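Please read the structure below before turning to the comments.
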Ligand code: HEM
Ligand SMILES: CC(C)=CCC/C(C)=C/CC/C(C)=C/COP(=O)(O)OP(=O)(O)O
């Protein structure tokens, strides 16, 4: 948080504001919201549906901006994040704060007025969870930061469903649980190969605090309930065979990669480390599963 106005070199332009919203990560957040909405049994009016997705995108982007406003100092210490607009000195912190608060408020108010209050309430909760619970409270304090704080990223399927139905039901709760249980293997796989960055910045991520072996074991352990939740909708009668088959095949591959990560010894050296494969696959996995849950409702 030491980046002050006088360090500015080039004025911020729209690309820097876009970068503040973490567009690549947020694309999956928005996609899970869209699929949660499409998985609902009642069709939503296209204009209301579009507005709801826009609000999720604005809310998630604003949360990303507030995260970067708060941790400009941390981002400046890590290679992966040094080029972001604040640590690179292309934007002052106040602009990021105004942008984040303004867009967050706009997203929640628009969701409440144009869609419904349930969706608006959960959107507000997820923004507060990411910014206050994860970023401000837990991230610098405990290696359980992403387990608890990661719930923020799991709310969008509930928001999408609530936008269409005005309530919450078992299927979106399962989708929430899926993203919640997916987050630790997703993030710790990455943390295994960017461990030194986090150590240098003093962030207590699991591989830094508990070591590589414990992290590998935790990845394996979280994959078990995640897999159970991923395949549950078909046997529970909440989705059809299309989702059932896709979830079984893609989850089996996830479990295999997680097993390779869990059983790999520290220091082994192969062309592509299993944790890199698991991290890359974790992103495609969620895109495919959520695509399947929506496709199952519409085409099966
Ligand atoms: C607290 C929980 C999480 C943490 C700490 C985390 C952290 C990260 C980090 C550090 C990256 C590396 C690349 C980057 O900085 O862009 C990444 C990539 C990614 N994350 Fe996560 N993540 C979390 C949860 C989620 C959730 C809930 C989603 C979506 C549902 C998600 C979607 C993605 C995607 C799509 C990428 C790939 C981005 C790219 O292609 O560059 N993440 N995550
Ligand atoms: C609708 C709504 C508000 C959704 C919130 C979206 C959300 C919480 C996503 C979580 C994923 C995420 C960006 C983690 C980054 O962790 P980090 O901030 O520690 O990553 P960094 O090191 O790249 O900054």
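Placed from the backbone N, Cα and C atoms, the Cβ positions cover glycine too.
Bear in mind that TrEMBL entries carry predicted annotations, made automatically and left uncurated.
Taken straight from TrEMBL:
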- 25-44: transmembrane segment (TRANSMEM)
- 50-70: transmembrane segment (TRANSMEM)
- 96-114: transmembrane segment (TRANSMEM)
- 120-138: transmembrane segment (TRANSMEM)
- 145-164: transmembrane segment (TRANSMEM)
- 170-194: transmembrane segment (TRANSMEM)
- 215-234: transmembrane segment (TRANSMEM)
- 240-259: transmembrane segment (TRANSMEM)
- 279-299: transmembrane segment (TRANSMEM)
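Long-range neighbours of the transmembrane segment (215-234) within the same chain, counting only residues 6 or more positions beyond its ends whose Cβ lies under 8 Å from a Cβ of the stretch, are 171, 174, 177-178, 181-182, 184-185, 188-189, 191-192, 206-207, 240-241, 243-244, 247-248, 250-251, 254-255, 258-259, 261-264, 275, 278, 289, 293. Sequence-distant contacts of the transmembrane segment (279-299) (same chain, six or more residues past either end, CB-CB distance under 8 Å): 28, 31-32, 34-36, 38-41, 157, 171, 175, 178-179, 182, 185-186, 189-190, 193, 230, 233, 239-240, 242-243, 246-247, 250-251, 253-254, 257.
By the count of Cβ pairs under 8 Å, the stretch nearest in packing to the transmembrane segment (50-70) among 25-44, 96-114, 120-138, 170-194 is 96-114. If you look at the transmembrane segment (170-194), the same-chain residues 6 or more away from its ends with a CB under 8 A from one of its CBs are 32, 35-36, 39-40, 78, 80, 146-147, 150-151, 153-158, 160-162, 205-208, 212, 215-216, 218-219, 222-223, 225-226, 229-230, 232-233, 236, 238-239, 254, 258, 261, 273, 275-276, 278-279, 282-283, 285-286, 289-290, 293. Two recorded stretches are said to be in contact when at least 3 C-beta pairs lie under 8 angstroms, sequence spacing 6 or more; the transmembrane segment (96-114) and the transmembrane segment (25-44) fall short of this definition. Within the chain carrying the transmembrane segment (25-44), a Cβ under 8 angstroms from the stretch's Cβ atoms is held by residues 52-53, 56-57, 60-61, 64, 153, 156-161, 163-165, 171-172, 175, 179, 239, 283, 286-287, 290-291, 293-294, 296-298, all 6 or more beyond its ends.
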